[in-house]
Amino acid sequence: MNAIVEQLKSTAAATKATDLRAAFAADAQRFSRFSVALDDLLMDFSKTAVNDDILKLLVKLAEDGGVEKKREEMFSGKAINFTEDRAVLHTALRNRSNTPVLVDGKDVMPDVNAVLAAMGKFADEIRSGALKGATGKAITDVINIGIGGSDLGPVMATLALAPFHDGPRAHFVSNIDGAHIADILKLVQPETTLFIVASKTFTTVETMTNAQTARNFIAKALGEAAVQHHFAAVSTALDKVAAFGIDSARVFGFWDWVGGRYSIWSAIGLPLMIAIGPENFGKFLDGAHAVDNHFRKAPITENLPMLLGLIGFYHRNVLGYPTRAILPYDQRLSRFPAYLQQLDMESNGKGVTIDGTPVEGNSGPVVWGEPGTNGQHAFYQLIHQGTSIIPAEFMIAANAFEPELRHQHQLLISNVLAQSEALMKGRTFAEAKKQLTDKGMDDKKADFIAPHRVFTGNRPSITFVYDKLTPYALGRLIALYEHRVFVEGVLFRINSFDQWGVELGKELATGLLPVVEGKESAEGHDSSTQGLVAALAKLAK
């Protein structure tokens, strides 16, 4: 594998100098040769520097790097998350074929289906008004309390699928900052509100602090006995859930082989199911399952997650590009970049290989983005003319949900196509100068101004096109990126499924709380921390 990486690196200088304009001019079939599709989902990577030789090397990299072997280990239930001795089976949660999936010799599918059925029954009862609040009123608002994977997925997907909402209004609380829950509680009435507390262990500090605030909100307005009518939980800690006052019939579990950032397919998706209904939630799972099958069966050169991961690895570890921009041209996908930020950076932000040795080269990139066209008026300037190359990944649906606003969607499409073309083509000095002189500017001034209007071009982008942002399409898109992260992680030779970097800050915060509360001295902490504690204490009222 290292030899192939070195071969790729030996071409890096030439690759960076690749003139994509010339490549398209020389090859009328470049788009068709460097784009692949799964049904209506098209991935165009022709505007990257990938050529026939690089693609062959990338395919060899996947083969020699053991990506296919590791892929089968994941799907078959092997404990590939070896630092926690856990299988990685979020794919089982959307295994619509019901093919047995074994963990320690036991088929997990009966349990998966049982939880899904219980979720569906509960969601239907809330949506229909059969399950009411303590005063006999139907539930009109559902507030999910969670953080990280228990929040980012449900928030993102619920917003993305807004056209399919026909259930109670959905709200989400995650931050331990009291302002977050305070602002949400102002929007609802206690007698018509259901809280879902999402915490596997029922000990997550942020979640349980907010849950206690929510409990007080209900108990103060409706009495202690009302708590059981206004809460549900997604957890495996049944004793703690019961102590909180939540009926065991309203508790939905999931398993150690489901990582938080991969948990939207599990009971963590309950608020989404309540919003869009069990049938649409099933279609969401169907879309992901279609990508799972494609990922397992399609040849590497026709395999969307494989190609996306290989190109991502190439950009990061061969060409050295430190970030990637996720740019969905869909306002309802406004939280998708943040969702992928966690998925990618928590998975592949590692510095140690599976052998326990330091990673050679780079691991995961910084992932960020905003929906178009908002981003065009914020940070695209740097993507077009900055000194860092930032690979861009665009997404656009051919059809929107507002037929009366078709012209606006056409404007959206024209913008995303223009951006990918502009990044590729750029603008030469001669073109910039001619544009100025055509407007009447004299030669001397045009020579001075034109350099500021030059775009180097050759800036890589990938564009995804699909029919419409349905539950099926969203499930497909998420699964595509999940498997992309997996492919890159295998090539980085890291464990993509633990997150020890999250733990240190938690431990230190626990120790600092008594200091912040004034119960203990800051002595023993560094001088900066001591100084900050003192400054905050002085300002506190």
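Cβ coordinates are placed from backbone N, Cα and C, and glycine is handled just like the others.
Quick look at what Swiss-Prot annotates:
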ACT_SITE  E346  active site, proton donor
ACT_SITE  H377  active site
ACT_SITE  K506  active site
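Between the CA atoms of E346 (active site, proton donor) and K506 (active site) there is a gap of 15 Å. H377 (active site) has a Cβ environment of 10 other Cβ atoms inside 10 Å. Taking the C-alpha positions, the distance from K506 (active site) to H377 (active site) comes to 37 Å. Summary: among the active-site residues (E346, K506), the fewest other C-beta atoms within 10 A of the C-beta are counted at K506.
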